[in-house]
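Quick notes on the structure that follows.
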Amino acid sequence: MDPLAIDRTHLWHPYTSIAAPQPVHRVREAEGIWLTLDDGTRMIDAMSSWWCAAHGHRHPRLVAALEAQLHSLPHVMFGGLTHDAAIGLAARLVALLPPGLDRIFCCDSGSVSVEVALKMAVQAQHARGARGRSRFATVRGGYHGDTWSAMSLCDPVTGMHGHFGAALAVQHFTPAPPVAFGADWPEDPAENGLGAVAALFEEKGPEIAGFILEPVVQGAGGMRFYHPAFLRGLRALCDRHGVILIFDEIATGFGRTGRMFAMEHAGVTPDILCLGKALTGGMMSLAVTVASTALAAEISAGDPGVLMHGPTFMANPLACAAACASLDLLAEADWQGAVARIGAQLADELAPARDLPGVADVRTLGAIGVIEMRAPLDSARVHGFCRKAGVWLRPFGRLLYTMPPFVTGPEDVSRITAAMVAIAREAT
Ligand SMILES: *Cc1c(COP(=O)(O)O)cnc(C)c1O
């Protein structure tokens, strides 16, 4: 049987219908920034395979690290046992993170790391005696994953609230941070978005365990870049009202926004941090939930005195080894220079799209470039165009965006921007 027919008949792809499956390209191999398809066609992976492949695909150092790990310890349970891959990962992460954020829980995926973060917050509140704090708050426009609790905190409109209704936990939403990155920061809380958070905390504070949001860059919820001062104000409000602050840096971590972590734009440290996606350089699924020393101590002093989570494949040695090698690559590379160069080029070369009547906005930050259309893009059409253009892009709704691997050279960045502008022009 034709492999693509088997795919069509038996596999689910993300968010697809069995009755009307979207087209798929069959990838034979990947190397560096390139994906090679079944017929030999090559496309630049302008998505870094959903923010992951920051060093490009199949980097020899990552392959070597995985091979070495494969031949010594591919997996072992993490209950009662430990191993050097996890220990090496913890040491490397703690060296990168701000002081005080240093207790690492390894998870299978980003969504799971968000679930663990929420559990940590509830357990810490219980330890404080605040058993009534069982809900969470967030800003609109966010994305935190597809598992139940994560989903309940995604933007209610671009997320899946409408499809799951009463099955979802009810959470509190404040408006998306209204001041754009790079704009002037108005001190008036009614204008800068902090007034709405203060009002929510005044009214509902005693039932709120934690506030979760993506620092500076809202990813899959709308690709918005907001002013870092919002995070400073939010930190102060959380402290005043006993609310635990959780940053979801699953998409933004490891250099993508021009800083190692997006929170560094604000100089704010959360109580809990989620990391994933580029953590393993795109080789394996792995995420971590990092708790502050203080929060971890609170959880451990409370009842039941232990953090209540422990997945089967926790701290899988292959994934941890890939993450160690990926962090070493980052440490050795001039990623700041690469992100600055790619960012400047994205800003220059996407700017002409601003003049197209179908384009609502063009924005860039770090090595992220976004063209926001006025109407949703025809994704099947873009899909076909990508193969011809040799650039892999995957728009959602009105958003056409790229976050290329840091190793993408100037000519290849130009191919990406040319494809994006062509798609925007054609859809206009
Ligand atoms: C992708 C993403 C998640 C979910 O991670 P998965 O590994 O897909 O479960 C959560 N939060 C943010 C900000 C993300 O970009």
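Every residue, even glycine, has its Cβ placed from backbone N, Cα and C.
Lifted from TrEMBL, the feature list:
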BINDING   Trp50, Tyr143, Lys277, Gly310, Arg394  substrate binding site
BINDING   Gly110, Ser111, Asp248, Pro311, Thr312  pyridoxal 5'-phosphate binding site
MOD_RES   Lys277  N6-(pyridoxal phosphate)lysine
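DSSP classifies Thr312 (pyridoxal 5'-phosphate binding site) as coil under the three-state reduction. Around Arg394 (substrate binding site), the same-chain residues six or more apart in sequence whose CB sits under 8 Å from its CB are Met47, Ser379, Val382, listed in sequence order.
Here Asp248 (pyridoxal 5'-phosphate binding site) is positioned 16 angstrom away from Trp50 (substrate binding site), judged by their C-alpha atoms.
Of all the binding-site residues listed here (Ser111, Thr312), it is Thr312 whose C-beta has the fewest other C-beta atoms within 10 angstroms.
The local packing around Gly310 (substrate binding site), expressed as other Cβ atoms within 10 Å of its Cβ over all shown chains, amounts to 12. Checking the binding-site residues Gly110, Ser111, Tyr143, Thr312 against ligand 1, the ones whose Cβ sits under 6 Å from it are Gly110, Ser111, Tyr143. For the pair Pro311 (pyridoxal 5'-phosphate binding site) and Lys277 (substrate binding site), the Cα-Cα distance reads 18 Å. Ranking the binding-site residues Tyr143, Lys277, Gly310 by Cα distance from Asp248 (pyridoxal 5'-phosphate binding site) puts Tyr143 first. Between the CA atoms of Gly110 (pyridoxal 5'-phosphate binding site) and Tyr143 (substrate binding site) there is a gap of 11 Å. Classification of Tyr143 (substrate binding site) by DSSP places it in coil, neither helical nor stranded.
Between the alpha carbons (Cα) of Tyr143 (substrate binding site) and Ser111 (pyridoxal 5'-phosphate binding site) lies a span of roughly 10 Å.
Long-range Cβ proximity for Lys277 (substrate binding site), meaning a same-chain Cβ under 8 A and a gap of 6 or more residues, is found for Trp50, Trp51, Cys52, Gly110, Ile250, Ala251, Gly253, Ala287.
Around Trp50 (substrate binding site), taking its Cβ as the centre, 17 other Cβ atoms fall within 10 Å, counting all chains.
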